[in-house]
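Record features, source TrEMBL:
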type	residues	note
COMPBIAS	554-568	compositional bias 'Polar residues'
COMPBIAS	570-584	compositional bias 'Basic and acidic residues'
COMPBIAS	593-604	compositional bias 'Basic and acidic residues'
REGION	554-604	region 'Disordered'
TRANSMEM	106-129	transmembrane segment
TRANSMEM	149-171	transmembrane segment
TRANSMEM	243-260	transmembrane segment
TRANSMEM	328-348	transmembrane segment
TRANSMEM	368-393	transmembrane segment
TRANSMEM	405-426	transmembrane segment
TRANSMEM	432-452	transmembrane segment
TRANSMEM	464-490	transmembrane segment
Amino acid sequence: MDFLRRTVNHWNEVIGTSTFGRIFRLEGSGHPLEIKNTKFTTELRAGLTTFFTMAYIIAVNASILSDSGGTCVCNDSTGSDPLCKTNAEYAVCVQDLHRSLVTATAAIAGFSSFLFGFLTNMPVCLAPGMGLNAYFAYQIVGFHGGGLIPYKLALTAVFVEGFIFIFLSLIGMRQWLVKTIPVSLKIASGCGIGLFLSEIGLSYSAGIGAITGGSATPLDIAGCPAEYIVDGVCKSHKMRSPTMWIGIFCGGIVTAYLMTFKVKSAMIVGIALVSIMSWPRGTSFTYFPDTESGNSRWEFFTKVAEFHPIRNTLNALDWNISQNTSQFILALFTFLYVDIIDCTATLYSMARFSGVVDPDTGDFPRSTVAYCTDAFCISVGSLLGCSPVTAFIESGAGVAEGGKTGLTAMTCGVCFLVSMFFAPIFASIPPWATGCTLIIVGCLMMRQVVLINWRYIGDAVPAFVTVMFIPFGYSAAYGLIAGLMTYTALNGMVYLTKLISGGRIVPDDEDHREYWTIKPQGKLPWFITASQKLASLAQGRSSSLAKDNVSIRSGESQTHFRSQTSAGKDSVRMQSKDSNHELDTVISIPSPRDPRDEKVLRKF
């Protein structure tokens with residue numbers, strides 16, 4: 001054991017000091033921005049953990065998207081089955097579509113995760129997003145094509161969306177959006193995503209099945225075997241599901257126990273243990289029960305290695321939007337605002353969880369590259385027939401395992417690419433094997449809830465709405481939107497009250513309010529300032545006529561200080577905010593004509 005440990009440490013040291021280690025800023029690389037406590041083997045282990053936690057997306061995404069019917073054509077001549085629910089020919093096409101989507105999902109997840117990790121050096125993995133795929137399949141395309149627009153046209157909307165995102169990232173709008181979101185809301189979004197992960201881990205689709213939707217209440221306790229679920233609700237035998245208890249004790253408790261003693265690969269051990277226990281047939285907790293769906297899974301699982309080419313969905317875009325123009329535009333803009341907020345919130349939360357967010361700028365390294373890569377992968381995914389690609393919140397599992405660099409994402413990406421040839425194995429990881437892992441990761445992400453500014457109600461209430469609405473609304477995007485709307489309404493009313501009262505009516509605890517500005521680092525984004533300059537030039541105004549002044553602002557008060565030389569053109573402007581927040585200083589001093597004035601200004 002000691003020999004193995006010494007060997008691993010030796011290889012970590014060799015790789016860390018190599019050019020490879022310097023590229024990814026591993027410990028010992030000598031890079032000026034070297035990341036502490038990063039080792040090659042740790043990154044590999046973290047990548048494997050993320051992959052096993054995300055592997056369910058291979059089967060789940062394919063199942064959801066295949067419900068749309070994809071490129072299959074319903075030839076119902078009788079008119080009694082317009083959606084081809086019982087059409088045998090259509091069912092065969094959908095089955096082949098499902099297998100094509102399994103390969104497509106693994107391919108785009110592998111490609112996007114590897115590319116994102118290589119270009120950004122962040123431990124964040126990408127794949128077709130849960131929630132977005134359901135919206136794509138059931139709202140936009142509809143079950144067996146009964147929605148707003150056809151499947152091929154919906155793929156075109158996703159393709160166009162990706163390039164719009166690239167444009168918004170290049171002009172800095174996505175980065176500016178992150179910086180202008182109040183700090184407490186950004187922290188709250190990470191906590192809300194942690195609860196969202198836990199809710200997914202408790203559900204049936206990707207978890208242990210402890211909760212389900214209720215008939216009389218929004219949520220209900222579940223944990224019953226599948227045969228007792230009627231219309232999505234457990235009618236009897238609640239909390240008696242063997243798979244749930246196997247997931248809790250052999251997955252959750254064992255993983256948490258190993259993490260207590262800092263055992264490496266604890267999450268991988270828990271997922272592998274439950275998966276291997278669930279593969280044999282004939283048990284009460286098998287993943288391959290003696291049912292039609294169980295037999296289908298078993299038949300696919302026994303193939304072990306199989307590559308199914310992407311026949312049905314490859315480059316299936318339809319550019320003829322003339323017949324569905326309004327529906328196409330609606331789908332495009334819905335994808336835009338949901339995906340931009342969802343991905344932006346998730347990326348920032350993962351960056352913060354990784355500890356790479358700069359406290360001064362509120363941004364993370366290579367953010368422009370990160371957003372552009374994410375947007376590019378959205379368009380590539382549409383060419384393979386998939387719904388929008390986004391940053392996966394399950395990346396937190398790899399971060400919790402110690403992943404801090406892009407090697408984590410690249411390892412996960414390689415695993416996804418390999419899974420295209422071993423899809424029967426990786427698509428057979430049962431959801432109750434990963435459910436408790438998601439719950440544990442949610443616990444780790446919730447630790448930052450103490451950083452929310454609970455001292456001022458104008459920050460606390462919007463943050464709480466964000467934390468609450470993300471899991472209950474089952475969407476990171478809509479949760480953050482709810483928090484932003486609450487923040488705007490509440491603090492807007494406070495501002496109007498102060499304005500109308502002339503500053504006489506103010507909250508008693510306003511000194512604890514977090515500073516917020518639409519101009520991060522004291523300036524507007526360049527795409528706004530550029531438009532302002534163009535407007536000024538169009539009106540014949542010259543920027544040289546602007547008056548220089550000195551202003552010192554603390555909190556809500558402003559004091560102007562002007563120092564003018566004998567030429568009358570020199571000025572200094574300083575801006576100071578609340579002492580509890582960042583100090584923003586802007587100094588603009590043209591060269592004085594009088595040396596004595598230069599000496600005075602230098603002393604000042």
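Just so you know, glycine gets a Cβ as well, placed from its N, Cα and C.
Panel annotation: around the transmembrane segment (328-348), residues 124, 129, 131-132, 135, 140, 148-149, 153-154, 156-158, 160-161, 164-165, 168, 174, 177-178, 186, 189-190, 193, 321, 357, 364, 370-371, 374, 378, 388, 390-393, 475-478, 480-481 of the same chain, lying at least six beyond its termini, place a Cβ under 8 Å from a Cβ of the stretch. Proximity of the transmembrane segment (106-129) to the transmembrane segment (464-490) is not established, fewer than 3 Cβ-Cβ distances being under 8 Å for residue pairs spaced 6 or more apart.
Long-range contacts of the transmembrane segment (368-393) within the same chain, counting only residues at least 6 positions beyond its ends with a Cβ under 8 Å from a Cβ of the stretch, are 50, 54, 57, 61, 65, 70, 100-101, 104-105, 107-109, 111-112, 115-116, 119-120, 122, 124-129, 132-133, 135-137, 155-156, 158-159, 161-166, 168-170, 172, 174-175, 193, 196-197, 310, 312-317, 335, 339, 342-344, 346-347, 349-350, 476.
Same-chain neighbours of the transmembrane segment (243-260): 207-210, 223, 225, 266-267, 269-271, 273-274, 277-278, 285, 430, 432-437, 439-440, counting only residues six or more beyond its ends whose CB sits under 8 Å from a CB of the stretch.
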